[in-house]
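Undergrad: This is the structure, below, for whatever I ask next.
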């Protein structure tokens, strides 16, 4: 009888174009196999002869440095007619001459990462041979009901996984600006850089086998990424810089997107990229998590508390001259702070805390020894369940702390000017699904300010966070007296016209006499001392740049409107790049020893960009772009540079030097782009100058697929 030749694998077709499309990864490319766990994918194997019943195939999938079945990084599985539950399997096979078509399945609990796939072929006793089949990348699967990141809405999946651009909300609660950002999670090398980030973490360096085995757990992966986006205790992606000297790198304001940052980090062997601040950290983390398959969004919290000592109170100090004083305390109120929310099931928490979880990659304080934060359940924050992991007390304070403003003199805090229970955690914002609009999600973090539920939650969290410390809080007696609440006059500052950088700022003080026990009806005299300071993003202010004193006499029921002018020359070279000014006034009530505080924050308007594109955009065809910048200021903008970015529209970035733009003039730029991906795209444009760092604009573009030739 003629002996049958040993079965040998001649070639393997991983069917990447078909599989990637079915697994929503085709935007990452079609040349290599990128699939999601909890969903089958098809292979076609070609052998040297027809497949027979006596041939035994065992598929072996491996990932990590020392793959083992015990650690979940190695799986061996044979051919079966039907899939066997939520386990690695090769099923639904069909034989056609020398070919075998088979459906492979990675369970929804599998370790994510790059895999090698082999087959062991055995015939009878003792004969066995291993053939490499190929490699594939396995990602989280928010389309699978078995996966911990399952999100049962196609519209939300399109927004929070598949959309590669978005907005970061910045500025001030009264002047929120939407900054376009290119996430670019599907650029071809980004998925490799994401796993490089995991492989450079301290967890991996300390115990690679254990680290890989835990990459099935989205909570674990999120914490690792949160630590690795900053570089405070590892070779993370970004180095933070909250000073104002960016000469050794790039100003945080001058980034357009995540792709350039991630590529630079990888190209330089994991050397941290200079520089980032909170919105850069969060936007880069959004890129990484969406790339790995975790639904993620960027969230901005305006007037965000940084409460280091956990007492749920932030103290601010002003002197008699209305100057906001610097303090050695690390507690601050940031103008805004940006973090991420990732969607997941929390099997490590009691029922009811699934859904959006806060993750904050900005290095503020350590968690389990590393600079990372979260995941903290948004529902736990809303209900004051601050004992639940991870870092829930810190995030609770960011949106709920009280603000106490003190009058400081003779080396000590003399009296409370204001106690605000609702000034922190304002206008919590994210991009609206399927729109360029801002969505206010404050109500998902807390009950309405001042409502019985909100105060009950605050007290519940206070008891858990402070315990006996709450009773001995140094200012409770002063708060209890309420004496600082009753004032004989109401003071308000209003802008008299739109505040534009390069022009004098016109304000009006509105002062109105109101009933007061100590001054029932007679006139009162006020001496109001004003001070203007540049606000710093991380809280605090620079030295005063303008002062003025006003004397007022108010009769009962009278309202006075007093004009104030802050000249451009006074603030011209004194502001930070964010162009924010705080005008403060402290009014001494004559004959009483009492003081009244009035505050006004001003965000200066910057020049606007105009971007127009030709009517139809098509893959491979020129897309004409017109960009116009008009300098509406009274001073020239020098050393102007322009950077264009947009995934699917531009490979990398396009940069141009524009020179000087004199006051009142316009500059027009015209160029052609060649889109290379179909679908909704966004072109981001940034123009920087020595005087103004962040003139940003964007244009949404729908790119049609190439027409058949």
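Every residue, even glycine, has its Cβ placed from backbone N, Cα and C.
Take a look at what TrEMBL says about it:
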type     : residues           : note
REGION   : 7-27               : region 'Disordered'
DOMAIN   : 270-363            : domain 'Transglutaminase-like'
ACT_SITE : 278                : active site
ACT_SITE : 337                : active site
ACT_SITE : 360                : active site
BINDING  : 400, 402, 449, 454 : Ca(2+) binding site
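Please situate the listed features within the shown structure.
TA: Long-range C-beta contacts of residue 337 (active site), restricted to its own chain and to partners at least six residues apart, with a cutoff below 8 Å, comprise 278, 300, 301, 304, 306, 362, 398.
Here the Cβ of residue 360 (active site) has 30 other Cβ atoms within 10 Å, regardless of which shown protein chain they belong to.
The Cβ of residue 402 (Ca(2+) binding site) lies under 8 Å from the Cβ of 312, 313, 314, 419, 420, 421, 424, each on the same chain and at least six residues away in sequence.
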Undergrad: For the C-alpha pair, I'd like the distance in angstrom between residue 454 (Ca(2+) binding site) and residue 360 (active site), rounded off.
TA: 24
Undergrad: Measuring Cα to Cα, how many Å separate residue 449 (Ca(2+) binding site) from residue 360 (active site)?
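TA: Spelling it out, the Cα of residue 449 (Ca(2+) binding site) and the Cα of residue 360 (active site) are 24 Å apart.
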Undergrad: Please work out which residue of 449, 454 has the most C-beta neighbours within 10 angstroms of its C-beta, and give that one of the binding-site residues.
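TA: Ranked by Cβ atoms within 10 Å, first place goes to 454.
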Undergrad: Hey, for the Ca(2+) site built from 400, 402, 449, 454, who else sits with CB inside 8 A of the CB center?
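TA: Once 400, 402, 449, 454 are set aside, the remaining close residues are 421, 422, 424, 425, 446, 450, 455, 458.
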Undergrad: Take the Cβ of residue 400 (Ca(2+) binding site) and count every other Cβ within 10 Å, whichever protein chain it belongs to.
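TA: There are 26 such Cβ atoms around residue 400 (Ca(2+) binding site).
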Undergrad: What whole-number Å value do you get for the CA-CA distance of residue 360 (active site) and residue 400 (Ca(2+) binding site)?
TA: 17
